[in-house]
2 protein chains.
Amino acid sequence: MKSKMLKQDIMKAIHELSQFGQDECGGMTRLLYDEAWVKAQNHMKKMMEEGGLDTSYDAVGNLFGRLEGTAHKDQTILIGSHIDTVKNGGMYDGQFGIVAGLIAASYLKRNFGQPLRNIEIVSISEEEGSRFPLAFWGTKNLLGLVGREEVLNVYDENGVAFAEAMHQAGFDFRPEDEPLRQDILAFLEIHIEQGCVLEKERKPLGIVSNIVGQRRFSVELTGESNHAGTTPMGYRRDAVHAATEMISNILNRGQSYGDPLVVTVGKIDVKPNVVNVVPGQLEFSIDTRHPDKKMLEDFTKEIHQLVEETAEKHGLKFCLDMWMDTDPVPMDEGLTQIIEAECVLNGVDFLKMNSGAGHDAQLMANHVPTALIFVPSHRGISHSPHEHTDGRDLALGVHTLIKTLYQLAYKEETGIVESIA
Amino acid sequence: MKSKMLKQDIMKAIHELSQFGQDECGGMTRLLYDEAWVKAQNHMKKMMEEGGLDTSYDAVGNLFGRLEGTAHKDQTILIGSHIDTVKNGGMYDGQFGIVAGLIAASYLKRNFGQPLRNIEIVSISEEEGSRFPLAFWGTKNLLGLVGREEVLNVYDENGVAFAEAMHQAGFDFRPEDEPLRQDILAFLEIHIEQGCVLEKERKPLGIVSNIVGQRRFSVELTGESNHAGTTPMGYRRDAVHAATEMISNILNRGQSYGDPLVVTVGKIDVKPNVVNVVPGQLEFSIDTRHPDKKMLEDFTKEIHQLVEETAEKHGLKFCLDMWMDTDPVPMDEGLTQIIEAECVLNGVDFLKMNSGAGHDAQLMANHVPTALIFVPSHRGISHSPHEHTDGRDLALGVHTLIKTLYQLAYKEETGIVESIA
């Protein structure tokens, strides 16, 4: 396997696909069912066919490229990621995972012929939620987790109804009587890290143990707006004074938990937000993530206590609302061990890590053995035209995928088959 | 002197004047040189004439009502405040001070005839800076502190040039060769407190010792925006983390100085201000006030140190800009003592206090002996339709003004004359 050729193939495929959705700001904007999206999926279909795969769309526009197994036609190893981008995103988020699967499958076919089990590449229709206020449409359809009723009153920012956009792109809802696939033995996803850990730790590859659970809160504080000159400090009910104490303590407390807990206060809105008025109202957000649900629960209690005590101390009313609570999702141990073993065998200096961001893999993992591989993101940048991963790292990712797929699809016995037996 | 009649006269005059500038939101909007302003000044002129005063406008529209002295025509006791309001302001801010002077002068004339020295009421054209980005136009003209060049490129929010608005209202710039008045022996202003100190301390009257000095700063922090899920706490340069620590410490430190120092962080702007992004930029304001310049200087040093240390600790760049620095202004001691003595004599339970807000008196005080009297503001509310002062408190203020004016204008010897001799 020549890494340089692999790298060339990857960069060629990524640049080809990146024709579709280039925006005026130097980035990629390819939103579910829009013109660029349709062109990208059709081009991907062509690339899959050129790679020797049999292609098909499902009802909602997930695209599959299949390498038929010779021995176990009822067992499929599925590899893929999403074809859509955020607005003004980069060239690697999502589409690299599809390209990687395609190049790995083609390589295996060229060198080893048909596999024993089916290998399927999936170009998932949507994950980002950038066009409609709804994410994971592709994977949720694959798993039968979503239907017509969920998008009934869903519109994009131009007022286009979800179903109308889907119909215009040539797709439709999944027939209600269509049985769910029972043949998927394992799901593999390879994705850019979207963080700076691999780069900082100088590791070319990450193998994910857990996708973190997330809790998001909004905190509303109500004090009293007053004249900044004529209201002595002791008579104030200053929302900024209380909030800054709360936020500073919440972030310090989060930091003292140590990795992998993260906590972010990304949004602060002060009212009236005027230089010479003691602020009477303030709302801020809290986003906290951890791979262990118990830790999230413990930290939530601490947040509640800090908010309550500080509001009381400053004579403020507060409202703490937890509006998002998703559980951590562990990746499959057996599948992950196969990847690790291949890395060790091939001298790949990998890092076992958590994913702080959400991925298609996190939905798949609740239904089939799933693994998630990361390649480094330069400076941790993602969802930006500046998103970048070194070609050598991309190639190493595909190389690892090839080795893993060979184990899973070309050998009679695999760890993964045993683990789900 | 019957307090009930005084109260009726005051309320009648305030309600009459408040016809001019009533807005759709239940408040007063009377901006420099607008239609309501012209009508209000003309009505005030009529009221002054009915009260037995000789009226005149100066070039820029400051209106004077004069009670000619019989013995000292070169000595004038000037009493007044401003006729303009903020947008959607209240009925008391500014105009009460003019009405109070007028009622006091009329009362004195009715009961004691012409004074020895001139008493003049001034309805100052503008103080609030609400129409044009420029404040104290009236007093600055009175003192010769402003000219044509300062308003050359000054427009209101509808694009009307300052000079055009002035000409439309029938006024013009002060002739450059017009000599400044040398006859003003003292300036008295009575105004609502715009704070809650008198109400909380249950005092019906305040006598101001100092108008506080103000310093305003903006602090800009630059860290790095990152993904809230994929960036471990140790790799962050979080502008909110640094800012909340700074702000909380600055406000705590300010509080520990004790009264009369006040410090306010009224405005916070986070970038990008998104729930799931570690915020890379933040700008906040600081407004601090104290009647002692040395204390402001000391506190400024502490602010600088807190900002610098905290920015460094969090790995952030900072920019601290002091964009306002006005010195404290003491009121005249001799004049203030006369008012105090009258209060003691008449059993008025007054509070010696500082003014945390700016007033026409603060400009006048640098040129002539000046005193400032406060009446309580219910719940400290001002610049709002909910602004309110009890009629009895208004009457007590006018009563105090009458007593003081009698001392200053009807007696041969006054403390004030001696103090500036």
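Cβ coordinates come from backbone N, Cα and C, glycine included.
Record features (TrEMBL):
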type	residues	note
BINDING	B:His82, B:Asp93, B:His191	Zn(2+) 1 binding site
BINDING	B:Asp93, B:Glu128, B:His383	Zn(2+) 2 binding site
BINDING	B:Arg216, B:Asn276, B:Arg289	allantoate binding site
DOMAIN	B:215-313	domain 'Peptidase M20 dimerisation'
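Structural mapping of features recorded in TrEMBL.
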| residue | record | DSSP class |
| --- | --- | --- |
| B:His82 | Zn(2+) 1 binding site | strand |
| B:Asp93 | Zn(2+) 1 binding site | coil |
| B:Glu128 | Zn(2+) 2 binding site | coil |
| B:His191 | Zn(2+) 1 binding site | strand |
| B:Arg216 | allantoate binding site | strand |
| B:Asn276 | allantoate binding site | coil |
| B:Arg289 | allantoate binding site | strand |
| B:His383 | Zn(2+) 2 binding site | coil |
Nearest recorded site to B:Arg216 (allantoate binding site) by CA-CA distance, among binding-site residues B:Glu128, B:His191, B:His383:
B:Glu128
How many angstrom lie between the most widely spaced Cα atoms of the allantoate binders B:Arg216, B:Asn276, B:Arg289?
37
Please list residues from the chain of B:His191 (Zn(2+) 1 binding site) whose Cβ is under 8 angstroms from its Cβ, counting only those at least six apart in sequence.
B:Ser81, B:Asp93, B:Gly94, B:Phe96, B:Gly97, B:His359, B:Ala361, B:Leu372, B:Ile373, B:Phe374, B:Val375
Check each of B:Glu128, B:Arg216, B:Asn276 (the binding-site residues) against chain A and write down, in sequence order, those whose C-beta lies under 8 A from a C-beta there; write 'none' if there are none.
B:Arg216, B:Asn276
Among B:His82, B:Asn276, B:Arg289, these being the binding-site residues, pick the one whose CA is nearest to that of B:His383 (Zn(2+) 2 binding site).
B:His82
Proximal but sequence-remote residues of the same chain as B:Glu128 (Zn(2+) 2 binding site) (Cβ under 8 Å, at least 6 apart):
B:His82, B:Asp84, B:Thr85, B:Val86, B:Gly89, B:Gly94, B:Ala135
How many other Cβ atoms sit within 10 Å of the Cβ of B:His82 (Zn(2+) 1 binding site)?
28
Most Cβ neighbours inside 10 Å, all chains, among the binding-site residues B:Arg216, B:Arg289, B:His383:
B:Arg289
Average pLDDT across the domain 'Peptidase M20 dimerisation' (B:215-313), rounded to a whole number:
96
As a test of the contact definition, list every same-chain residue at least 6 positions from B:Asn276 (allantoate binding site) whose Cβ is closer than 8 Å to its Cβ.
B:His227, B:Ala228, B:Gly229
Taking the centroid of the Cβ atoms of B:His82, B:Asp93, B:His191 (Zn(2+) 1 site), which other same-chain residues have Cβ within 8 Å of it?
B:Ser81, B:Tyr92, B:Gly94, B:Gln95, B:Phe96, B:Gly97, B:Glu127, B:Ile192, B:His359, B:Asp360
Just counting, how many other CB atoms are there within 10 A of the CB of B:Asp93 (Zn(2+) 1 binding site)?
26
